[in-house]
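Remarks on the structure that follows.
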Amino acid sequence: MDDFNALLNGFATVLSWHNGGLMIVGILLGIVVGVLPGLGGPNGVAILLPLTFTMNPTSAIILLSCIYWGALFGGAITSILFNIPGEAWSVATTFDGYPLAQQGRAGEALTSAFTGSFIGALVGVLMITFLAPLVAKFALRFGPPEFFAVYFLTFASFIGMGKESKAKIVIAMCIGFVLAAVGLDTISGQLRMTFGAPQLLRGFDFLVAVIGLFGISEILITIEEGLAFRGKNGKIDLKVVFKTWATMPRHFATLLRSSAIGCWMGITPGGATAASFMGYGVAKKFARDQDSFGKGNIAGVLAPETAAHAAGTSALLPMLALGIPGSATAAVLLGGLMIWGLQPGPLLFVEQKDFVWGLIASMYLGNLSGLIIVLATVPLFAAILRIPFSIIAPAILVVCAIGAFTVHNAQFDIWLMLAFGIVGYVFKKLDYPLAPLVLALVLGDRAEDAFRQSMLASRGGLGIFWSNGLVGTIMTLAVAGLGWSLLGSLRERFFPRAAVTESAGGGATQPQG
Amino acid sequence: MNSQEDIDGSVAPSAAVITKRTAEIVVGIVVAAFALLAIVSNYKLGAGWADDGPQPGYFPMRMGIAIFLASLVVLVQALRKNDRSAFLEQAQAKLVAIVLLPLIVYIAAVQFIGIYVASALFIGIFMCLVGKFSWYRSALTGVIVSLVLFWIFEIMFTVPLPKGPLEQLFGY
């Protein structure tokens, strides 16, 4: 009941003119970010984060999370109208979305994509509303060993659930950890891996890394394909919307399955991209008319969009309740919390009630207004893509450079962004995952602190990680999961299966062939 | 290992500059070198166990070892898979260079002439040369984008960005 009142207070916070306005601005910006290749959810949020340093944290998180919702919606527009996934998680939407648009049913496809997104998000938010406070309450008992165990579980499940080669996931993640360690060591006060360079004293800021890894690299990959946007017309009138909504009950089972998949993949850091592919695959498996998938089946649009949005939303649950983000964008938002002076973790629900419930309320309202806005403005955003790439590309690069600079007002960071961009470009083309790198960069220090604090307490005995039932269970789960996945990859080597899913799990805009 | 004939040239629309196999190997070696750097640097710092717990280099050095081992796996996999398909084709390399080289010049220019002038020039010249727009439309777009950025950052959010001689002329 307490929580319910807090949620109502949250609604009141969001519905003020100031925050409501920020919500709409955030969604519009988010759709732009989702539509344009080269600007993605994590990257868009990272670029705008420095502008929120002076804002009140609640307003700031409303703005930034709404950019995230907008980006989730926007990705579908380009997938359906242009056959270009604006985001990695909307790749699966192109399979049936573009054929539908070719048949002149773009309006239907867009409406169902947005509706699916909305339903997925709604399920995710409902779950957060009821589950997050419980998880946080439970986690209040956690000490450093428990936290380290949860971090360990997170990273183990990244390795376990990633579709990329296990060795590449390990490399990406551990590079993140090493980069996180560069600079001043907070516990001993010593300098690590700075090699006498004063620019490295600060360490690597994850915002700069995100802008390079997700922004610059995306532009390079996009230009490589020599893009010429040739899109279908996307006009939606109310008649189409209502007609499509009338068919929704028929897809009830698909929506439910995709939502469940999305929620699961969001909490465990599988991510929206993996969820969308899984949602699509499962919908196809259960369908009676499997052959129509890929040729323009509405369920083939609904399923991945619902799953992606459910995953994107529920990725915020572990971020809010435990301080462990479930996706790259959630990791950026978590970084935002630290910058605004909030301590992420279960205490957030106790100490920053207004903030947490304001954010949760803004998820409901942001997704609802997002659905309405996106339905009304599709033609406008489709028109953005008709702007020639020779204008958009340098403009995006300029925005990225400014974003990298504003993090610390350092010109060195622009060079760093470029370096990360090239690394990201090469890694993406070779199927190295980028999300674990960013996550490790954000969480590296915290995971290390938790580990070292546990070691201080136990005088160096690893036994502390099995000292009580709770931490022991988490730790055993993590070790078992890690062992299982490594065994699995060994088995794969000796009994290789057809690599159908391999290309699907890779980057958004992998060149075909 | 090299007995197989390179047949992928017929599939690709333009000749490959680098094959996937080469790219995998080069990246694997670079990653391994990075790992060695981390291992050595942290070992010198002290990666053992002190009285008060792990030394500062303890954790990063172990991460470095993990990277090194994983990069060996990647190298072995790359050699065994022997993927001769194109990592980068000539036409693609040209397109990437068209973006990458001006970007490097742009970032270098920011230090001297400030971000606003550099951005206007970058957008204008890119539009004119790559997009084949007329010079006045390119120039106009560049200047307008820079003015909008100036308005957002310097005036609305009062976030100072790098400025050069031109801005000083106007008293900023």
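Start at 1 and count along the chain as shown; that gives each residue its number.
Including glycine, each Cβ sits where the backbone N, Cα and C put it.
No curator has checked TrEMBL annotations; they are predicted automatically.
Record features (TrEMBL):
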- A:20-39: transmembrane segment (TRANSMEM)
- A:22-439: domain 'DUF112' (DOMAIN)
- A:60-82: transmembrane segment (TRANSMEM)
- A:118-140: transmembrane segment (TRANSMEM)
- A:147-163: transmembrane segment (TRANSMEM)
- A:169-188: transmembrane segment (TRANSMEM)
- A:200-223: transmembrane segment (TRANSMEM)
- A:319-343: transmembrane segment (TRANSMEM)
- A:355-381: transmembrane segment (TRANSMEM)
- A:387-407: transmembrane segment (TRANSMEM)
- A:414-443: transmembrane segment (TRANSMEM)
- A:463-487: transmembrane segment (TRANSMEM)
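Between the transmembrane segment (A:463-487) and the transmembrane segment (A:147-163) there are at least 3 Cβ pairs closer than 8 Å, counting only pairs 6 or more residues apart in sequence, which means the two stretches are in contact. By the Cβ criterion (under 8 Å, sequence separation of 6 or more), the transmembrane segment (A:169-188) is in contact with the transmembrane segment (A:414-443), since 3+ such pairs are found. Outside the transmembrane segment (A:319-343), and at least 6 residues removed from its termini, the chain residues within Cβ reach (under 8 Å) are 41-42, 45-46, 49, 52-53, 55, 57, 60-61, 64-65, 68, 71, 128, 131-133, 135-136, 139, 150-151, 154, 206-207, 210, 214, 266-269, 271-272, 311-312, 349, 351-352, 355-356, 359, 434-435, 438-439, 442-443, 446. Segment contact is absent for the transmembrane segment (A:414-443) and the transmembrane segment (A:60-82), given fewer than three CB pairs below 8 angstroms at sequence separation of 6 or more. Taking every recorded stretch in A:20-39, A:147-163, A:200-223, A:355-381 and counting its Cβ pairs under 8 Å to the transmembrane segment (A:387-407), the highest total belongs to A:200-223. Summed and averaged per residue, pLDDT over the domain 'DUF112' (A:22-439) gives 83. Contact between the transmembrane segment (A:60-82) and the transmembrane segment (A:355-381) is present: at least three CB pairs lie under 8 Å, with pairs separated by 6 or more positions in sequence. Outside the transmembrane segment (A:355-381), and at least 6 residues removed from its termini, the chain residues within Cβ reach (under 8 Å) are 3, 6-7, 9-11, 13-15, 19-20, 23-24, 26-28, 30-32, 35, 57-58, 61-62, 65-66, 69-70, 73-74, 77, 110-111, 114-115, 117-118, 121-122, 124-125, 128-129, 132, 233-236, 241, 313, 316, 320, 342, 348-349.
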